[in-house]
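Feature annotations, reproduced from TrEMBL:
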DOMAIN    7-350  domain 'Kinesin motor'
BINDING   G94, Q95, T96, G97, A98, G99, K100, T101  ATP binding site
REGION    485-582  region 'Disordered'
COMPBIAS  508-518  compositional bias 'Basic and acidic residues'
Amino acid sequence: MDAAEKRVQAFVRVKPTADFAQDMIKFGPDNKSIDIYLKKDSRKGVVNNQQTDWSFRLDGVLHNSSQELAYETVAKKLVSEALIGYNGTIMCYGQTGAGKTYTMTGATAEYKHRGLIPRAIQQVFKATAHSVDPFVTVRISYLEIYNETLFDLLSTVATSGTSDMQMAVVDCPQGVYVKGLSIHSVSHEEDALNLLFEARKPKYYPCGETNRVIAEHTLNKNSSRSHCIFTIYIESRFRVFSDVKCINSKINLIDLAGSERLSKTGSEGQVLKEAAYINKSLSFLEQIIIALADPKRDHIPFRQSKLTHVLKDSLGGNCNTVLVANVCGEAVHVEETLSSLRFASRMKWITTEPVVNETYDREGTVKALEKEIILLKQELALHDSLVNRSSVTYDPLTDIQVAEIQSQVHRYLKGAIDEIDVVNVRQVREVFKQFKLLVSQQEREVEARLRSKYALIDKNDFAALAAAQKAGVVDVDGHLVQEEDGQVFGTGTAPFSPRHGGKKKSRRSNEQPRKEGIESSLSGRELDGFLPSKSQVIIPTKDLDMKEGAVSQETANIDAERSKPTPPEDSQRPSSPPSKPVAFEQFKEECGSEINRIFKENKSILLARRKRSGTVAQRINLIKSEMENIKKALEAQKQERWQQGEYVDEKGQVIIDEKEFLLIMKLKELKAEYRSGYDELQDLKAEIQYCQHLVDQCRIKLIQEFEIWYSESFLIPKDLQEALKAGGNIRPGMIPINRVMCLEEDEQERFERMQETMLPAGPASASFYRAKMKTDQKHTYTRTASSLQQMRKKPGLTAAAGKEKPLSFLHIT
């Protein structure tokens, strides 16, 4: 698939604050531009050329916007495209304390304050839950870059200062990946959120420890000291091509550490060292952006830092990229705001080439082809049994069979037999192979015989030709010199064609080079050996086709008899519910037979309309091609008439010849036919759309009726079966299955169902709150265990340890 260039999208999100500088920051009416105005510094005198206003045009400005609006604007389309195979990257950039982490991860205090990462996880799992054909696998990873060191935030092994020795950024043909980074498979939204919450910051997750490094300075009490990249890997396999076709994509959600001005933060010690690493990596990132925006740059220094190396695919490769520039609205931070807006403007000049990431498994392809070969062999065996050819095999020929075919070919050439027995394609190929071997053998024999009698000279060998001319063997044109009696000299020349070079002759019978000056001493029968006989395989092929055509009607009748549906048989209810695929086939034959029949009829009509549409479209293309050829011919006629001079009648009209007149009439007919075909194609498209709608409705109805039938037939308790039988008090379908099944719910299930319905944001937030609750419990358990450990170390408890029962850890569920 060819990649289409696409520019990086850039949005700006302004942090809400009570001290917003309304006189300095203005937004455009379309929420896609932002203007900055500054007052001139009077201390610089009368002549002051300092710039005081800037205007930036971006893809969107988010001011006083909710988390939901931010996600809808920035990430929803990107995640949707990732589900069909496109890579995506969302990056939050800005000064420290501008709200990057809040935009990316959000807060767990309330469901509506979730950030881009939890919402993207929810969208992915919602889409996978509704998908039927592709089987989707979701995995996640969480990478941290702290002081140019790589850390795995989801690693189950405790990290140390030297743990990054096993992690490295590696380039490969498929892109960039981090060697040693753990990737966790998740099957539900709750599992992914559990892993995410384990690596969250205490600012937004106040329950205890964290894996990410934070620190405090003047501008931010919980400042991120590292860059973090949360990646969602999506792998889709289609059931039809489950062993062959696979679509892979990934979504990189990047929370960059904030740039800092040391004069404002007042950092020192370890925090100062971390700030130096952060500013250095962001400076390298800006250099990469400037280089990518310059079309004349050949080399892009991605390897300057770990951050730019990891972002190589996201910035200039196969990826949909979106930047969110987080800025503060206070007047004191206007310089940092200008810097972030300049960075966003440069990002918009970068182009990427996103393509669908389709891969085909070679091993799976081989398996699929092997299955197809087995199926085709079975079909051939069935066909042969119907025409009384059960002795035919389609396996590779044995040595005995090859020898038999070779013997038949030799006897056929000698005239001993009139035809060669051929029953399958392998034998046909072997017959041609034997003919080819015989022709090659005769060519070698003839060439050896000619070389023993004549001196063969290549026409392109000028030195040999000059020597032959000097000896008087050939003339100036390269022909043999004849004696007075018309006979050639005993030693002649037979130059080869230039492509044979005089060294080796072609072994193909239809490419025999001409030889000059040679009186052939070979008999006609020997020369006839070079030409393969056309009748050698025609006779058996015709006979084979006649035999196959003679039984085609009989085969069709037998297939029609076999395709007749058999009446369904009554069966007792099984002790355990059957699988849904088996039950679905039973449903289509029994209760859902009418809906299934209508569905098949609509589908057959749809397929017929599509086939007709393809035929009409092909005919229109042929007419269009023919019209183009006629137009070219008319143009040529017009040019020829113009060169020879035009003839006009008394009225001044140009006189054309009959050929040009016929072309014009033909073009007119083709145009009328083209318009008629085009109208028919439009009508067919409308019919196809309507038929597709009917097919979709029938499919949905069939599935809904099956679900009701399956639930009422196999899932309803036995004590309610009598009431649901025909003639009972309750008609099937009157009671929803969830109301029936809730009679057997235990207290825990009833509590969980009630909890889902009573959540603030409805059932959709159940996974979010369950993951939060599990993480709260884990951190509470850890904190309690730590407190008990400290209590044991107190002197009073140590002295009384022999008199009192030992303290035990609490297990909180």
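Backbone N, Cα and C define each Cβ position, glycine as well.
All annotation found in TrEMBL is predicted automatically rather than curated by experts.
Over the domain 'Kinesin motor' (7-350), the average per-residue pLDDT in this prediction is 82. Taking the Cβ of K100 (ATP binding site) as centre and 10 Å as the limit, one finds 26 other Cβ atoms among all the protein chains shown. The Cβ neighbour count for G99 (ATP binding site), using a 10 Å radius over every protein chain in view, is 21. Least crowded of the binding-site residues (T96, A98), judged by neighbouring Cβ atoms within 10 Å of its own Cβ: T96.
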